[in-house]
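Pulled from TrEMBL, these are the features on record:
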{"type": "DOMAIN", "residues": "15-83", "note": "domain 'TSEN34 N-terminal'"}
{"type": "COMPBIAS", "residues": "106-141", "note": "compositional bias 'Basic and acidic residues'"}
{"type": "REGION", "residues": "106-158", "note": "region 'Disordered'"}
{"type": "COMPBIAS", "residues": "145-158", "note": "compositional bias 'Polar residues'"}
{"type": "DOMAIN", "residues": "293-365", "note": "domain 'tRNA intron endonuclease catalytic'"}
{"type": "ACT_SITE", "residues": "Tyr320", "note": "active site"}
{"type": "ACT_SITE", "residues": "His328", "note": "active site"}
{"type": "ACT_SITE", "residues": "Lys359", "note": "active site"}
Amino acid sequence: MAAAPAPKPVKEPFPISLVAGRYLLFDVDVIAHCRRTHNICGLLVGTIPNLSQQNVFLGVPLELMPEEARVLVDKGAAYIVDDAQAHQKAFAEMSREDRLRYMEEMDKRGEDVTKEQTELAERRKERALKEKGLKREEVDKGSVAASTTSDETLQADDSSVASSGLGFIMKGSSFSDSAAPVKAVKVISSPASSVTDSSDLGSSGLGFIMKGSSFSDSWVQVKAPKIDSSAAEVSLFDAAPPSPAPEPAVPVQGSAPKGVAAQKHYVTPTTSYPPLSTPAKDPAVPPPAVPDSYPLFRYLHSKGYYHMPGLRFGCHYNVYPGDPLRYHSHFAATGLGWDQKFDLLDVVGGGRLGTGTKKAYMIGGENPDVDSQEDESVRAFSVEWAAI
């Protein structure tokens, strides 16, 4: 198995695209950087090209919760970019030379992908032949022999059709395809013939064809010609020109090996940078608007916790002590305002649900009267169902 490529370094602050009120990340390196460095997971919402008719396994872009985007902006690790406005402005200022250069780069990427897939198919074929105890030369000889036999069969069929005198019919409307010689014949017309000059039709040997499928409509009588060896060399049409000999195939460097159906791949980039330059920070774009639960999110995030949406468990966030791929969530957290009233039954229900799913139910809020620079302004309480 090929080694995974090393992740590219990400320069901070990086842009977060604002598209229709949603905060998205399109760069794979930025997504990995957020998860590895800033404990930001997000949700993949893009369709995988090879698995488009399902919604279990998804790909880029990564959608961030407003709280995740806000905490990155507050830390100075990212900034918000109005994606539609930035693209319209950048593509309007892009020169023709830059576009052509970018298209050439995409073509080169497609050729590289084609080459990699071709080499992979060849390695699989060699492995399969080795498992069956066959050699590549024997398989190639067998395929060449089968191809030669099929060509000879086709030539024999063509010669039998031509010898029947119907070559020009079986071959289509091209008379030059028929190799059978044709001799002009004498036609005797009946007085009851139609206005059409039947002698012309008879002389061409096509009277019964031109008059339709009903032989009673035609009174043209055609005598069977006597063909001898001398007359067989005379033809109404010129002989078909000899077909040129096929030129030997010249192997092209980088082309697909024999037996592998190579198809050029077209690469669709997931980002616009390049060819566009990374958009600059716009002070006019406001920071993400966040709900009342943001202080609790920020507090837990500062303690090193990871977050995922908690709608499935009746809360705001599922809180993990580490990467969700490695750990089970510890808390089902709900953020409230400091003076916000809540129903005690909600606490009981949250505690029972959290305990039933091996979590603790957490509620918390921020005290606006406490300076967050001097002391902790957020207080949180965890609840467990003790089944008393």
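Cβ atoms are placed via backbone N, Cα and C, with glycine included.
Remember, TrEMBL labels are computer predictions, not curated facts.
Here the structure is a predicted model, which means the values were calculated and not measured.
Overlay of TrEMBL annotations on the structure.
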residue: Tyr320; record: active site; Cβ within 10 Å: 21
residue: His328; record: active site; Cβ within 10 Å: 12
residue: Lys359; record: active site; Cβ within 10 Å: 24
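A Cα-Cα distance of 6 Å separates His328 (active site) from Tyr320 (active site). In terms of DSSP secondary structure, the domain 'tRNA intron endonuclease catalytic' (293-365) contains 25 helix, 19 strand, 29 coil.
Lys359 (active site) and Tyr320 (active site) have their C-alpha atoms 10 Å apart, to the nearest angstrom. The residues of the compositional bias 'Basic and acidic residues' (106-141), classed with DSSP into helix (H, G, I), strand (E, B) and coil, number 33 helix, 0 strand, 3 coil.
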